[in-house]
Structure formats: structure tokens, C-alpha cells
Amino acid sequence: MAMVTADASAAADAATKQPDVEKDYSSYNGASTAGAGGGGVVESVVARWRREDMLDKCPLALHAAAAAFAFVALVLVASNQHGDWMQFDRYQEYMYLLAIAALAFAYSLAQALRHAHRMRGGADPIPAPSARLFDFIADQVVAYLLMSALSAAIPITNRMRTAVINNFTDATAAAISMAFLAFVALALSATVSGYKLSRQMYM
């Protein structure tokens, strides 16, 4: 009889301790879940910082690329003089392309220098509230002018190349390609500026 009573007491003690064990285990799982959630928040913040840093560096890289492409196009057109009909200044289309390439080069170089100065800690010459709006509008205007110059130069170049292919037409085609790449860089820069401007308006 004593043994039965002892067994019953042991079983009662075990039943009484069981919830404590489960409670401790549940607390452990909760702490682990909270820790995992905190890690996710940190990763999200770090990813956002990286995205912001990339968006901040994009204008510098894109304007530098546009300046380089526009400069090459400018040099190719300006040096494309081979005598007789193979003189770029005999064609209004190429004169227009030369002028717009020079404008795109000057604008893109100025913007690249401005963004480089700002990223080094210097003051932006354009006030912060209107800087993104200026970038967005100016990039679109210069990109449109480049596309206009390309639309004027491509047809006459195609007509020339159907008749003859020589150094003059090759240099002109190369200049058009470089001007198109400058257009792409400025179009991408305008897209980034538009995205940053939209975020500024809704913040």
C-alpha cells in the first residue's frame, strides 16, 4: 500500500513539473523568433542603405559616361575632313550633330564635377529641394536634343553608305554611335532623377 502511495506521489510531482518545462521551452522558442526577426530588420535596413548609396552614385557615373561618349562623338565629327564632298561642315546635319555633342559634353562634364564635389562633402551649388528637379528636367532636355541630332544625321549617313563606304562615312557612323550611347546614359540618369524626385514628393 505504501508503494502505491509513493508511485502516485511521484506521478503527481511529474505532472506538476511538466507545464514548467513546456513554459521554459516556449520562452526559448519565442526568444529565438524575436532574434530572427531582429536580424531581418537589420538586413532590411542594410539593403536600404546600399540601395540609397547606389542611387546616390548613379548620377556621377552616368554623367561621366555621357561626357566621355559625347566627347568622342565631338572629336570624330570635328576631325572628319577629307576634302571635296567629304567635309563635315558642308552638311547642316553634321554641323547640328557637332553642336549638340559639344553641348552634351559640356553639360555632362559639369554635372559629373558637381556630383563628385557633392559626394566628397562639398556644398551642392544647387539648393537641395530643387536639385533633383533640375537634374530630371535638364537630363531630359539634353537627351532630347541628342536624339534630335541623331534623327537628322542618320538618314543622310545611310544614303551616303549605300553609295560608298570610306573613312568619312565610317567616322560619321562611329560619331552617331557614340552620340547614341551618350543619349542612353542621359536617359538612364533622367530615370534615376525621376525616381528620386517622386520619392521626395511623397515623403
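Glycine too: its Cβ is placed from the backbone N, Cα and C atoms.
As annotated by Swiss-Prot, N-linked glycosylation site applies to N167, with the evidence given as sequence analysis. Summarising the annotation, Swiss-Prot assigns topological domain 'Cytoplasmic' to 1-57, 114-135, 193-203. What Swiss-Prot lists as topological domain 'Extracellular' is 79-92, 157-171, and the listing cites sequence analysis. Residues or ranges marked as transmembrane segment by Swiss-Prot: 58-78, 93-113, 136-156, 172-192.
Counting Cβ atoms from all protein chains shown, N167 (N-linked glycosylation site) has 10 others lying within 10 Å of its own Cβ.
Outside the topological domain 'Extracellular' (157-171) by six or more residues, the chain places 76-77, 79-80, 82, 86 with a CB less than 8 A from a CB of the stretch. For the topological domain 'Extracellular' (79-92), the residues of the chain that approach it from at least six positions outside its boundaries are 98, 152, 156, 166-168, 171-172, 175, judged by C-beta separation under 8 angstroms. Residues in the topological domain 'Extracellular' (79-92) partition by DSSP class (helix H, G, I; strand E, B; coil) as 4 helix, 2 strand, 8 coil. Sequence-distant neighbours of the topological domain 'Cytoplasmic' (114-135) (same chain, 6+ residues past either end, Cβ-Cβ under 8 Å): 56-57, 59-60, 63, 189-190, 193, 196-197, 200.
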